[in-house]
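Participant: Below: one structure in structure tokens.
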Amino acid sequence: MSDLRNADDPIWIDEVWLDTVVVAGLTCFILCLMGLSQVPTAKMGILYGVVGMIALVVAYWVDDTYTYDEGTWLIAASMAPGAVAGLISAVVVEMTSLPEMVGAYNGFGGLAAAVAGYGLYLDPGATFLVRDGIRVVEQTDEMLIVQAIALWLSIVIGLMTFTGSMVATLKLHGTISSKSVMIPARGLYTAVIFAVMVVFGVLAFAGDQTWNDRQAGIAYLAIVGAAAGLYGYTAVMAIGGGDMPVSISFLNSLSGFSTTATGFMLFNKALVVAGAFVGCSGIILTIIMCKAMNRNVTNVLLGGFGEGSSSEQKQAKSKDDEEGDVTIVEASEVVETLTSAKSVIIVPGYGMAVAKAQHAIAELTTRLRRLGIMVRFAIHPVAGRMPGHMNVLLAEAHVPYDITVSMDQINQDFPSTDVVVILGGNDIVNPAAQTDPDSPIAGMPVLEVWKAKTTIVMKRSLRVGYAGIENPLFLKPNNRMFLGDAKESTEKLVALVGNVNKDSVSDTDGTHLGDEETAVPKISKEEKEMLQFAEDLSKLREAVFLKVGVIREVDPDEEKIAIVPSGCKDLMKQGIQVYVQSGAGEKGQFFDSMYESNGAIVLSSAQQVLDTVDILVKIRAPAFHPDLGQHEVDRMSNKTLISFLGPRTEEGKTLMARAVEHQVNLLAVDAIPRISRAQSLDVLSSQAKVAGYRAVIQAAYQLQKFCNGEITSAGSFEPSKFLVVGAGVAGLAAISTASNLGAHVRAFDTRLETKEQVESLGGHFLVLDFGNESGGDAAGYAKVMSDAFYEKEMALFLQQAKEVDVIITTAAIPGRPAPVLIQAEHVNAMKPGGVIVDLAGGNCALTRPKQTYVHNGITIIGSDMTNQAMNWQASTMYSNNIVNLFGMLCKDRQLNWNANDPVIRGMTCVWNGDILFPPPESMTATAAAPQQNTSGTKNTTSPEKKPNKPSFLEHRLWDLASVRELLLVGVLAIFFAVVAAFAPVVFSQQLGYFILAAFLGYYLIENVNSALFSPLMSTSNALSGVVILGGLLMISVEIGSPTSTLGCISTCVAAINVFGGFAVSYRMLLMFNKEKL
């Protein structure tokens, strides 16, 4: 037994089963953070976190080497009050008060760690390894030094976090003024405070004082705690209201690092690793918030944040402030502006949260979209008082999360937007950030709303925003102010919009065109617009900068046309002249006279069109043209072609090579990235929607029975049963249409994430248990499944075929033949009179392409997605997509091919003689790349700054690294040398866990969707609650002793975080829903 006297020996390693449970629990924490990277996987991520926490707590609870005597029931008694308090707070808290609760949870995590630190100091057995209440071996001096330093850090960081978080909570609640309160000689004050903490921390373990010193030693540590608490109080009091998101994020990281300190103090790897995850989470969010507010991260970490909003700076006015008057409007004028728009962006701010207006704005959004208006939300990273606050509020109001767009993605869309509504936001839309270098927010990234055609600011008054800075946006000529309480004002708009439809809107003279009691007949709004357009046409043609052509499609089966007459008018208003080949649109009932009245110029031949235009827009891929006597690409040297190209196919690759040879630029509409900001350009989705609708109509026509159920004197008839295979856009359109006809609809898709959308449209989702096999790829498309899955799928379809009347298949996999899902046995199993519509052109084994025939009493329709039977609708939607595409391609009245725009770059196949498809992976990501000025002109919207001369630390040495990096390497080398020379083995192990966890945590948190920042922070609170283990390890020490009592308190406080953090996170995620297509 003598070898056990060495404290670095295996006695310090827990039992195998306990170590295994700890590893499993930490693995669950990793899966938790991975799941939080995307909305569809986030709820499962929370469940992983819950499982991991349960595993860790129960493992230490039932292990009699840590929990013994009366400790078992005392742990339960300690956790119960905290659990109840956490669950109640998570359930009753309003989402508008979420920042306050997260701030409080940050504080509880720090308090639990600090209490555990005091508890360990007062433990008589602190200097020993204790197992089952027995002092097994005495720790070495080196281990005691490590333990003392970690204990000091646990108290300092914990109490600093607690008091700072309480101040932040009171500020957010309005109990304390949000204004910055700065202490004179702050630098000296900070130095003195830290000196006091260090000196008295050393005294607590030096001289006659040592562990369990309940007189001088604990008094010294009490002074350390008081100083730490005082510093936390004064540091957060110095924060201005505009910096609250930074403070909340930073305090969140401190709660994690206090947990890590407790882990080093108790030599517990679970605390070290979990604390590192939480600490890194908060640090990354702090960095993101600092960048979004143009704050210096170093100042934040040193306690200097808050200086960006000093009283002197708040009084600064933009030297470029515009002269002008504020234009105040009433609700009726706002409604007229909104209902006349095609695209609206809503910018929510903290005013929405204060007024609790999220439900009203959600209803307004719904009503505007019913009028055919595209509505999206622009989310600034620091809107609200914590990261992701606006996303959670909108999710609570059932706003689809996929129409909420981040600042980086949406900023370049403002110039093409008709109306921007700013709801309770001020500083996040302030032009002074770009125009006034002396402004307190100079350089802060903001939403560039002033570039839109019209902006409407909804706020209570004309007073400055939360940061106290004047906003020149109010004086801009295109801005309107709609003053009043955000909720009441929005409810007025909702009521007025409810009385509006597209055919009945207010005319410019104030009369209502829908009123039947008008004495004098009036022309319709559409006729009035056409007369005005005809009057303006000559001026519009003088301003043309781009010529676009449309010719008759070569394929005789293609009846659609790329641009319809109304699209020509819209493009003409953008400065784009459309030339159309005579008769090109006749198959879709779009006649030459209609094109001419909408501003297009009709030419007699395809050759004339090609000779005239800069860009040709088609539907089908280019091919040999009989009238031209050559391939269309060969005839388009130095021009641009936009159409379906199939760039992933061999035919598409041949076309790209041909285009390079003839110097033709190719843009593929079927390669547009399927991201939020590209929805208005997505021809695949628009054509699929038409196809899904048409498939149901075709099936209903062939089906010799009611779709809906009927109860008549002639008998009762059950609703028809439809099975839709594939829940993409076409499938969802089919589900919606069939449900609206009254049919009972079942749907199947390998992607389980489509279940909510199917059910929201009235369908019943068929779930097939296929274990851990995922049915979707990274791009969201269905993927090829395993043979075992395929067998189960076939059995499911056979059972369904016996029951349903109609089967509609839409399952397609990009770049592969459509999978055969409906075999002959399935067809033969259907009841006579049944119908199969195969939209994918190969899902049914008996399909005959483009043919409809009857097989054993079953009508099989070999349909496709080309929509020839609905060419008017399909052409119009395709044309609208093209018009929107030109709105993105053309900036400042010139064609601007922006290689940094993921939409444009993603669809580009050939440009300037280079094949650019496929695009880089970074361009196909959801988040847009940062905007860059590629026009070659000076950026006049931001103050021009001279580049700073690189400092000595930034110089690179030997072309390897900067001086700063090499110095950091040197410092780390010295640190590790000291660790190797003096630290105990157990510390080296824990340090290794910490470093690896920190790097892993960084990469996990870096990928989190910005919409999930609020659930991430509350989940971080829950994970930091793993400090509950510190309390558990102390409770079984002599019952009634200070250590046991403080262990109970620490456990109770940490339980609030664990139960409350997970509960509120899951509650938030239940609110996130996709758009119901």
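Cβ atoms are placed via backbone N, Cα and C, with glycine included.
Note that TrEMBL annotation is computational and uncurated.
Since this is a predicted model, take the numbers as computed values, not measurements.
From TrEMBL, here are the annotated features:
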COMPBIAS  926-942  compositional bias 'Polar residues'
DOMAIN    549-691  domain 'Alanine dehydrogenase/pyridine nucleotide transhydrogenase N-terminal'
REGION    926-949  region 'Disordered'
TRANSMEM  16-36  transmembrane segment
TRANSMEM  45-62  transmembrane segment
TRANSMEM  74-93  transmembrane segment
TRANSMEM  105-124  transmembrane segment
TRANSMEM  144-167  transmembrane segment
TRANSMEM  188-206  transmembrane segment
TRANSMEM  218-239  transmembrane segment
TRANSMEM  271-290  transmembrane segment
TRANSMEM  966-987  transmembrane segment
TRANSMEM  993-1013  transmembrane segment
TRANSMEM  1020-1037  transmembrane segment
TRANSMEM  1043-1066  transmembrane segment
Participant: For the transmembrane segment (993-1013), what are the same-chain contacts with Cβ under 8 Å, counting residues 6+ beyond its ends?
Facilitator: 30, 33-34, 36-39, 42, 260, 263-264, 269, 272-273, 276-281, 284-285, 288, 379, 381, 386-388, 391, 395, 401, 404, 406, 1072
Participant: What is the number of residues in the domain 'Alanine dehydrogenase/pyridine nucleotide transhydrogenase N-terminal' (549-691) that are helix, strand and coil, as DSSP sees it?
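Facilitator: Tallied per class, the domain 'Alanine dehydrogenase/pyridine nucleotide transhydrogenase N-terminal' (549-691) gives 55 helix, 26 strand, 62 coil.
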Participant: Taking 105-124, 144-167, 218-239, 271-290, 966-987 as candidates, which has the most Cβ pairs under 8 Å with the transmembrane segment (1043-1066)?
Facilitator: 105-124
Participant: Do the transmembrane segment (105-124) and the transmembrane segment (1020-1037) share at least 3 Cβ pairs under 8 Å, sequence separation 6 or more?
Facilitator: yes
Participant: Where else in the chain does the transmembrane segment (271-290) make close Cβ contacts, counting only residues six or more beyond its ends and a cut-off under 8 Å?
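Facilitator: Distal contacts: 26, 29-30, 33, 109, 245-246, 249-264, 296-297, 300, 381-382, 387, 990, 993-994, 997-998, 1000-1002, 1004-1006, 1010, 1013, 1016-1017, 1020, 1023-1024, 1026-1027, 1029-1030.
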Participant: Report, as numbers and ranges, which residues of the same chain sit near the transmembrane segment (16-36): CB under 8 Å and 6 or more residues beyond its ends.
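Facilitator: Distal contacts: 42-46, 48-49, 51-53, 55-56, 59-60, 63, 269-270, 273-274, 277, 281, 1000-1001, 1004-1005, 1008, 1012, 1015-1016, 1019, 1023.
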Participant: Select the range from 45-62, 144-167, 218-239 that forms the most Cβ-Cβ pairs under 8 Å with the transmembrane segment (1020-1037).
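Facilitator: Comparing 45-62, 144-167, 218-239 against the transmembrane segment (1020-1037), the winner is 45-62.
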Participant: Any residues 6+ beyond the ends of the transmembrane segment (144-167) with a Cβ under 8 Å from its own?
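Facilitator: Contacts with the transmembrane segment (144-167): 103-104, 106-118, 120-121, 126-127, 176, 197, 201, 204-205, 211, 221, 224-225, 228-233, 235-237, 247, 251, 254-255, 257-258, 261-265, 267, 983-984, 987.
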